[in-house]
């Protein structure tokens, strides 16, 4: 047992010119202070205390010398030309060494800090120091320091040594045996003279003698408990759980693919595949249900399905001029360079009832090239975006480890398990699901792509096309985006804070945008946005997100400008969707709004005619109401978490469009096969469970670090993962099922002619 001595001094003197100086000389160090003891705050405020209590650095008996007495010298002096009364009291501390799993209560104040000793038991390699208090204020600091004299236990020097964090009602620090060669450490408790560091009120700037405060009562009752942390075996179990949970998805995918293969083989042996057979898992289960082969026009339609009786080319006549070359110049040109076809497009795409054959007339190879650009571009973006992010978060983690300042990163400290140089390995490990399921989705898409290519090579009949055109570029891009979301979310959780939260959301914007583009591309393959314009739009969104993080807190001008951009972009996009890409903006971009106002006046005010495209109009009206509601909400409430606000806009628009698509699909007498139906149900269930854990707030960088720690909670899964880790697991599965919905939703149309598939 280590003995410690505490010195209490008191002086009635208020003369700051002649303070009483106390110097304590020990065998291993010197400790000194003055009375009145002065603390400095903001705006040159001073807080003076006439009662001071300090714990002297203890002496521990060594095996060589054994227990021995130590002589302590206390020198009291003052330069005052008159006598000053003081009181000196030296006491022996009875509970200086803390015990494992035993709570200890004590009181501290700015002029009377406390610190205690803890020694690691033989079978414990890591402990968690849990400190709680019933009162929010006064603000305090908890520090873990090595056994070095003197101990830094005052407000102005507590940050000089060890690991520390500010505290209101709760704090937790994980300490590992390997970080302390002596297998023991001091736990220091300091009460700050002001509360602004913990989210309290900031003192007003007042000049004169009013800036001095005497003997401000800032006592705080604290309770400290030291409990053993998890063992190494728990780390191993958590890793196995994380990988095996998601590898089971691989097993399930193999089982589904094998069952489908058996079904196809049985039908083939029974007499071949019929065009009426709907594939549930692959792009095309029979030759006639896929797109046309290389070199043919995959969207050829008969005369009856085109307006004006214009006869379109057929495969027998060969592909359009120039389609045999692989020149990248033709990726966007195909028919668009021919005035006759341009006129024909204006006629066809403005029909009241559009069919898929009307919007799938371009050469398959050129359109496939166009969508493959999504895949290659997102790989380039991912590399250039991720590398500086990784470098930055490594720097953050290094700063935390070197300085010991645990207020830099907003962890759930009650469930933050260190591993190597990482402070919260569990928050990083839980993102493995995004990477594993993203890679699995790429494998599923690749399998469909290969089967589709084989079906095209085996086909003998080219005059008719069936099903949704198969373009996999966007699906590949979605798989990469899911993997990168896991990488960047893990980077964010290396040191989560206000400055790098956009790392966690950037690819979520892209995932939502790519899903909407894929859903639109399904029945509008010829007029979907190019990869360059889509990624440029995502870049604008991310720029707005960064500006929102910087200026979105209190600047009203930013919210006005952003809301205007939001509303105008919604109107412009709505006009383009309503006219199926045939709306001409002209030389001035304001022309789009002039045309929209003219249509609104002539159709809705002047003659109140029924909209030409009623279904599209209903979708766009609801969509604009949702987006305008978001804009008004942002203007009124100005949420501090701008990145989540932006993500909410994307998610709501995606859900709205998906719901509209499924409703219109069922309304058109199309059916949902078992696999997409299962994926839809699984998506809804898993998303509901994931959102439950998402809203279990465990920390918040919108508040001060001390206030954020009030929300910290213990682990809930395997003693290793917290609520947010479960959110990572479930959200990865939910995104995977969401992607499968988009991949399999229209498998029932593989045997349906494209001139019979409606566009909505």
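Just so you know, glycine gets a Cβ as well, placed from its N, Cα and C.
Among the ranges 182-207, 208-233, 234-259, the stretch that TrEMBL annotates as transmembrane segment is 234-259. TrEMBL assigns the feature transmembrane segment to one of the listed ranges (557-580, 581-604, 701-724), namely 557-580. Of the candidate ranges 374-394, 395-415, TrEMBL annotates residues 374-394 with the feature transmembrane segment.
Listed by sequence, the residues of this chain that lie at least six past the ends of the transmembrane segment (501-520) yet keep a Cβ under 8 A from its Cβ atoms are 374, 378, 382, 385, 389, 393, 474-475, 477-478, 481-482, 484-485, 488-489, 491-493, 528-529, 534, 537-538, 541-542, 545-546, 549, 577, 641, 643-644, 646-647, 650-651, 653-654, 657-658, 661, 701, 735, 738-739, 742. The stretch with the most CB contacts under 8 Å to the transmembrane segment (474-495), chosen from 374-394, 428-446, 642-663, 675-695, 726-745, is 428-446. Listed as Cβ neighbours of the transmembrane segment (642-663) (distance under 8 Å, sequence separation of 6 or more from its ends, same chain) are residues 501-502, 504-505, 508-509, 512-513, 515-516, 519-520, 522, 541, 544-545, 548-549, 552, 566, 619, 622-623, 626-627, 630, 634, 672, 680, 741, 745, 760. In this chain, the transmembrane segment (675-695) lies apart from the transmembrane segment (532-551): fewer than three C-beta pairs between them fall below 8 angstroms, excluding pairs fewer than 6 positions apart.
Taking Cβ pairs closer than 8 Å, the transmembrane segment (234-259) reaches residues 281, 417, 419, 425-426, 429-430, 432-433, 436-437, 440, 443-444, 447, 675, 718-721, 729, 732-733, 736 in its own chain, all 6 or more past its ends.
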